[in-house]
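Right, one structure below, let's go through it.
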Amino acid sequence: MKKYWNRRKNRVEDFINKLTSQLSKLFPDAIFIFEDLDKFNMYDKNSNFNRNLDRTNWRKIAKKLEYKSVVLYVNPHYTSKTCPVCGSKMKSQEGQVVKCDKCGIFDRQFVRCYNIFKRGVELAKKLLGGVGVPVAGAEVDDLLSNEPRGELRLVKPNPNVEAKLPVRKSNRRFELQNPKDFVQIFDFPLMVYTVDLNGKYLKIYNCP
(Lines of atoms letter the chains of each structure in order from A; the text may use other names.)
(Lines give C-alpha, C1' and ligand atoms only; values in the text may rest on other atoms or scores of the structure.)
Protein backbone atom coordinates (compact mmCIF):
# COMPACT_ATOMS: atom_id res chain seq x y z
CA MET A 1 0.00 0.00 0.00
CA LYS A 2 2.81 2.37 0.83
CA LYS A 3 4.32 1.84 -2.62
CA TYR A 4 1.04 2.72 -4.35
CA TRP A 5 0.46 5.69 -2.07
CA ASN A 6 3.92 7.07 -2.84
CA ARG A 7 3.33 6.53 -6.55
CA ARG A 8 0.07 8.46 -6.38
CA LYS A 9 1.72 11.21 -4.33
CA ASN A 10 4.53 11.55 -6.87
CA ARG A 11 2.07 11.74 -9.76
CA VAL A 12 0.11 14.49 -8.02
CA GLU A 13 3.32 16.39 -7.28
CA ASP A 14 4.47 16.04 -10.89
CA PHE A 15 1.09 17.20 -12.21
CA ILE A 16 1.07 20.28 -9.96
CA ASN A 17 4.62 21.20 -10.99
CA LYS A 18 3.70 20.95 -14.68
CA LEU A 19 0.43 22.82 -14.20
CA THR A 20 1.99 25.74 -12.32
CA SER A 21 4.90 25.93 -14.77
CA GLN A 22 2.47 26.01 -17.68
CA LEU A 23 0.37 28.75 -16.09
CA SER A 24 3.37 30.91 -15.23
CA LYS A 25 4.77 30.58 -18.78
CA LEU A 26 1.47 31.23 -20.53
CA PHE A 27 0.73 34.27 -18.35
CA PRO A 28 4.14 35.66 -17.30
CA ASP A 29 2.80 39.08 -16.24
CA ALA A 30 -0.34 37.80 -14.52
CA ILE A 31 -1.31 38.05 -10.87
CA PHE A 32 -2.93 34.80 -9.74
CA ILE A 33 -5.81 35.13 -7.29
CA PHE A 34 -6.88 32.41 -4.86
CA GLU A 35 -9.48 32.28 -2.12
CA ASP A 36 -7.84 32.19 1.31
CA LEU A 37 -9.47 28.91 2.32
CA ASP A 38 -8.72 26.92 5.46
CA LYS A 39 -9.36 23.25 4.80
CA PHE A 40 -9.62 22.36 8.49
CA ASN A 41 -12.57 24.72 8.97
CA MET A 42 -14.45 23.11 6.10
CA TYR A 43 -14.89 19.60 7.51
CA ASP A 44 -18.45 18.50 8.35
CA LYS A 45 -20.32 15.32 9.28
CA ASN A 46 -20.36 14.03 5.72
CA SER A 47 -17.57 11.46 5.49
CA ASN A 48 -17.57 11.42 1.67
CA PHE A 49 -17.20 15.20 1.56
CA ASN A 50 -14.36 15.06 4.09
CA ARG A 51 -12.62 12.34 2.09
CA ASN A 52 -12.81 14.39 -1.09
CA LEU A 53 -11.68 17.48 0.79
CA ASP A 54 -8.59 15.65 2.01
CA ARG A 55 -7.63 14.97 -1.59
CA THR A 56 -7.86 18.57 -2.75
CA ASN A 57 -4.60 20.35 -3.52
CA TRP A 58 -5.50 23.99 -4.06
CA ARG A 59 -3.15 25.22 -1.33
CA LYS A 60 -0.26 23.26 -2.80
CA ILE A 61 -1.02 24.68 -6.25
CA ALA A 62 -1.01 28.21 -4.85
CA LYS A 63 2.22 27.66 -2.92
CA LYS A 64 3.96 26.28 -6.00
CA LEU A 65 2.82 29.29 -8.01
CA GLU A 66 4.29 31.63 -5.38
CA TYR A 67 7.77 30.52 -6.48
CA LYS A 68 7.02 31.35 -10.12
CA SER A 69 4.51 34.22 -10.16
CA VAL A 70 2.73 36.80 -8.03
CA VAL A 71 -0.04 35.23 -5.95
CA LEU A 72 -2.67 37.05 -3.90
CA TYR A 73 -5.25 35.64 -1.50
CA VAL A 74 -8.71 37.14 -1.02
CA ASN A 75 -11.53 36.72 1.48
CA PRO A 76 -13.60 33.70 0.35
CA HIS A 77 -16.84 34.72 2.08
CA TYR A 78 -19.88 34.95 -0.23
CA THR A 79 -17.87 34.82 -3.45
CA SER A 80 -20.53 32.57 -4.99
CA LYS A 81 -23.49 34.47 -3.50
CA THR A 82 -22.64 38.11 -4.26
CA CYS A 83 -24.32 39.41 -7.41
CA PRO A 84 -21.64 40.50 -9.94
CA VAL A 85 -23.90 43.33 -11.18
CA CYS A 86 -25.51 44.98 -8.15
CA GLY A 87 -23.50 43.44 -5.29
CA SER A 88 -26.51 42.12 -3.35
CA LYS A 89 -26.63 38.69 -1.73
CA MET A 90 -28.20 36.09 -4.02
CA LYS A 91 -30.37 33.08 -3.32
CA SER A 92 -29.06 29.61 -4.05
CA GLN A 93 -31.08 27.58 -6.52
CA GLU A 94 -30.86 23.91 -7.35
CA GLY A 95 -27.54 22.80 -8.82
CA GLN A 96 -25.04 25.38 -10.08
CA VAL A 97 -27.51 28.26 -10.34
CA VAL A 98 -27.92 31.35 -8.15
CA LYS A 99 -30.60 34.02 -8.48
CA CYS A 100 -30.53 37.75 -7.86
CA ASP A 101 -33.98 39.30 -7.39
CA LYS A 102 -32.85 42.40 -9.31
CA CYS A 103 -30.53 41.05 -12.00
CA GLY A 104 -31.67 37.51 -12.79
CA ILE A 105 -30.03 34.08 -12.83
CA PHE A 106 -26.28 33.36 -12.95
CA ASP A 107 -23.99 30.34 -13.06
CA ARG A 108 -22.58 29.86 -9.57
CA GLN A 109 -19.05 29.07 -10.76
CA PHE A 110 -18.99 32.13 -13.01
CA VAL A 111 -20.11 34.34 -10.11
CA ARG A 112 -17.43 32.93 -7.82
CA CYS A 113 -14.75 33.36 -10.46
CA TYR A 114 -15.75 36.95 -11.21
CA ASN A 115 -15.92 37.98 -7.54
CA ILE A 116 -12.51 36.45 -6.80
CA PHE A 117 -11.13 38.40 -9.77
CA LYS A 118 -12.79 41.62 -8.58
CA ARG A 119 -11.49 41.27 -5.02
CA GLY A 120 -8.04 40.47 -6.35
CA VAL A 121 -8.00 43.67 -8.41
CA GLU A 122 -9.07 45.70 -5.36
CA LEU A 123 -6.35 44.06 -3.25
CA ALA A 124 -3.73 44.69 -5.95
CA LYS A 125 -4.69 48.36 -6.01
CA LYS A 126 -4.10 48.63 -2.26
CA LEU A 127 -0.76 46.82 -2.41
CA LEU A 128 0.43 48.94 -5.34
CA GLY A 129 -0.51 52.11 -3.48
CA GLY A 130 -2.26 53.73 -6.45
CA VAL A 131 -5.73 54.48 -7.69
CA GLY A 132 -5.59 51.81 -10.36
CA VAL A 133 -3.56 49.08 -12.02
CA PRO A 134 -2.36 48.73 -15.62
CA VAL A 135 -4.65 46.71 -17.83
CA ALA A 136 -3.18 44.12 -20.20
CA GLY A 137 -4.93 41.64 -22.45
CA ALA A 138 -3.66 38.49 -24.10
CA GLU A 139 -4.69 36.62 -27.21
CA VAL A 140 -3.68 32.98 -27.43
CA ASP A 141 -3.20 31.32 -30.82
CA ASP A 142 -4.26 27.68 -31.20
CA LEU A 143 -4.49 27.06 -27.46
CA LEU A 144 -8.24 26.91 -26.97
CA SER A 145 -11.01 26.66 -29.52
CA ASN A 146 -13.53 29.50 -29.66
CA GLU A 147 -16.61 28.94 -27.54
CA PRO A 148 -19.91 30.86 -27.50
CA ARG A 149 -19.78 33.83 -25.15
CA GLY A 150 -20.87 33.05 -21.61
CA GLU A 151 -20.34 29.29 -22.00
CA LEU A 152 -18.11 27.18 -19.77
CA ARG A 153 -15.66 24.66 -21.12
CA LEU A 154 -13.47 22.31 -19.10
CA VAL A 155 -10.02 21.71 -20.54
CA LYS A 156 -7.48 19.24 -19.24
CA PRO A 157 -4.13 21.04 -18.85
CA ASN A 158 -1.48 19.78 -21.25
CA PRO A 159 2.09 20.26 -19.95
CA ASN A 160 3.43 20.06 -23.50
CA VAL A 161 1.33 22.91 -24.89
CA GLU A 162 3.26 25.87 -26.22
CA ALA A 163 1.54 29.04 -27.38
CA LYS A 164 2.55 32.39 -28.77
CA LEU A 165 1.09 35.26 -26.78
CA PRO A 166 0.87 38.48 -28.79
CA VAL A 167 0.03 40.85 -25.93
CA ARG A 168 -1.76 44.12 -26.48
CA LYS A 169 -0.97 46.38 -23.57
CA SER A 170 -2.76 49.48 -22.42
CA ASN A 171 -1.34 52.13 -20.11
CA ARG A 172 -4.79 53.25 -19.06
CA ARG A 173 -5.51 53.16 -15.35
CA PHE A 174 -8.93 52.67 -13.88
CA GLU A 175 -10.90 52.77 -10.68
CA LEU A 176 -13.15 49.82 -9.97
CA GLN A 177 -16.65 51.16 -9.36
CA ASN A 178 -19.15 48.53 -10.44
CA PRO A 179 -18.92 45.43 -12.63
CA LYS A 180 -20.85 46.99 -15.54
CA ASP A 181 -18.41 49.90 -15.92
CA PHE A 182 -15.48 47.60 -15.19
CA VAL A 183 -16.19 45.19 -18.06
CA GLN A 184 -16.60 48.05 -20.54
CA ILE A 185 -13.18 49.49 -19.65
CA PHE A 186 -11.37 46.64 -21.38
CA ASP A 187 -10.64 46.95 -25.10
CA PHE A 188 -10.47 43.16 -25.48
CA PRO A 189 -12.84 40.30 -24.54
CA LEU A 190 -12.55 39.78 -20.80
CA MET A 191 -11.56 36.23 -19.95
CA VAL A 192 -11.36 35.00 -16.38
CA TYR A 193 -9.30 31.91 -15.63
CA THR A 194 -9.54 29.74 -12.53
CA VAL A 195 -8.15 26.35 -11.52
CA ASP A 196 -10.56 23.72 -10.27
CA LEU A 197 -10.09 22.88 -6.58
CA ASN A 198 -8.99 19.36 -7.44
CA GLY A 199 -6.43 20.71 -9.88
CA LYS A 200 -7.87 18.62 -12.69
CA TYR A 201 -9.16 21.31 -15.00
CA LEU A 202 -8.52 24.81 -16.19
CA LYS A 203 -11.85 26.64 -16.26
CA ILE A 204 -12.29 29.39 -18.80
CA TYR A 205 -15.09 31.91 -18.59
CA ASN A 206 -15.91 34.45 -21.30
CA CYS A 207 -17.62 37.42 -19.68
CA PRO A 208 -20.53 38.57 -21.87
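All positions are counted from 1 along the displayed chain.
Any Cβ shown, glycine's included, is placed from N, Cα and C.
According to Swiss-Prot, the protein carries these features:
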type	residues	note
BINDING	Cys83, Cys86, Cys100, Cys103	Zn(2+) binding site
Tertiary neighbours of Cys103 (Zn(2+) binding site) (same chain, Cβ under 8 Å, six or more apart): Cys83, Val85, Cys86
Other residues, Cβ within 8 Å of Cys83, Cys86, Cys100, Cys103 Cβ centroid (Zn(2+) site): Pro84, Val85, Gly87, Ser88, Met90, Asp101, Lys102, Gly104, Phe106
Which same-chain residues, if any, lie at least 6 apart from Cys100 (Zn(2+) binding site) yet have Cβ under 8 Å of it: Cys83, Val85, Cys86, Ser88, Met90, Lys91, Phe106
For Cys83 (Zn(2+) binding site), the number of other Cβ atoms found within 10 Å of its own Cβ: 20
Packing count at Cys86 (Zn(2+) binding site) (other Cβ atoms within 10 Å of its Cβ): 14
Assigned conformation of Cys100 (Zn(2+) binding site) - DSSP reduced to three states: strand
